[in-house]
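Novice: The structure that follows is given in the form of structure tokens.
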Amino acid sequence: MGLENPSASSLTTEMCQFTILKGAAPVLAPRLGRLVLAGRKPISTPHFVPLTSRGTVAHLSHDVMRDQTSIASLYCGLEDFIEKDGPAVYKVPCTAQESPLRKFICMPDEITLVLGPRRAPPVPCPVPSTNNSVSILTSVGFRQLPASEWVDAVQKLRPDIVVGMADLATGTAAPGVKRRGKMVDRTHAYTRDATERLQRESSSPTATTTTTTTYFAPVLPLENTEQTIYLADLESELRPAIAGLALYESASLGVLPPALGDLPRLVFSEPATPHEVLRDISLGADLLTLPFVGALSDAGIALDFVFPSPSSSSASPSTSSTSLPLARDLWSDTYTTDVSPLSESCNCYTCRNHHRAYLHHLLAAKEMLAWTLLQIHNHAVVDAFFAAVRASIERETFESDIHSFARMYEPDFPDKTGQGPRYFSFHSSSSSSSSSFDISDYAGTKSSPQAQTRRNATQKRTVV
């Protein structure tokens, strides 16, 4: 059954508009854009989408997030909410114009809510996906999420953007030839069936809601030749039903057909450092998820970088034999009496009101305020970073600015030395026998096994 429905296509355009302000759509190059969804705060791209746990940014209460951050979008994983039959998120009373998900997590109307089947980054599941379902991990254990249940959830929760279901290999081993073939066939079937059902029921005269969800179709982290039929279907039959693309490695930006070049691209490549973020942006990424932001806050590490480089000449590495650190581990005794702000260039609430010695004291005392202040600061640094990136693209100095940034800063973040504040059951796999937890294992940082596997595969492939 085809999806050629002009009225549905115009509805998608009306609810979600993405405009490329600078940069050619089909070319592997940085580009400026503006994503506008009806009733939501416009998002200038490139930008990042903060990650949540059960719909909340870790350590940030709603009033703190509203008053002390510039967060305009959030990513939620359905597996966070469906740990048992009849989950509470489905029982929120709403009008036809309201989103049960938004009401359940108490987010204001201007925040764009992105919903995917799994958390980002996902925890590997011991049981593989099937032709009709994907494996997920809820707070009470592993189970299968049927494709039909996923579409039901989207229709009930009504997020602003839904990331389509995909069969992804989340383990450390690269999938074999047969496994890759199944990944493509299943993802193609998930996408075709979900878009067809969502389009049919949203245009039905008996529809009970007036809200429309924007669908981002997944693109697998595989070679172009392995998903040719699926990509061709996305640019032809399925094109009226999709309003964006979700990619799982930056190399996938090179396999996109030119006809899909005008769509916004949400990339789940789990970059481990700002250097890798810049690489993804240089290839045309519009929106990215950055697990390292929350992971570093948990680890007691404060970000300390600006793009393209610090304005003070005294900070130039030409006067020193070492590069500048990307972040500071505030657990270190070095900061016991340091009354400098966390970052000299930052103007966030934390840096205006507190200093490194105070944060060091809070961490040593295991005060929850430490991680709240760190989360405010780290999100502010990354927000300023992306604003500077957009300005650099506008000036057409992005390429030279990347080289300047690489020369100025160290390649990696400092190692974690302190103890994080929390432990979630989904942070460890069922096969793990260790009771200890290293936040970097599942946070998309440099030691994340699945992220490292994808980065190694990306480095071996040539983007044409």
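Glycine residues also receive a Cβ, built from the backbone N, Cα and C atoms like all the rest.
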Novice: Between 178-218, 424-464, I'd like to know which one TrEMBL lists as region 'Disordered'.
Specialist: 424-464
Novice: Non-local Cβ contacts of His377 (Zn(2+) binding site) (under 8 Å, 6 or more apart, same chain)?
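Specialist: In sequence order, Ala302, Leu303, Leu342, Ser343, Cys346, Cys348, Thr350, Cys351 meet the Cβ cut-off.
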Novice: Return the count of C-beta atoms lying within 10 angstroms of the C-beta of Cys346 (Zn(2+) binding site), excluding that atom itself.
Specialist: 20
Novice: Quick check: which same-chain residues outside Cys346, Cys348, Cys351, His377 lie with their CB within 8 A of the centre of the Zn(2+) site CB atoms?
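Specialist: Not counting the recorded site residues, we get Pro341, Leu342, Ser343, Asn347, Tyr349, Thr350, Arg352, Ile376, Ala380, Val381.
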Novice: Relative to the Cβ position of Cys348 (Zn(2+) binding site), how many further Cβ atoms are located within 10 Å?
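Specialist: Cys348 (Zn(2+) binding site) is surrounded by 22 other Cβ atoms within 10 Å.
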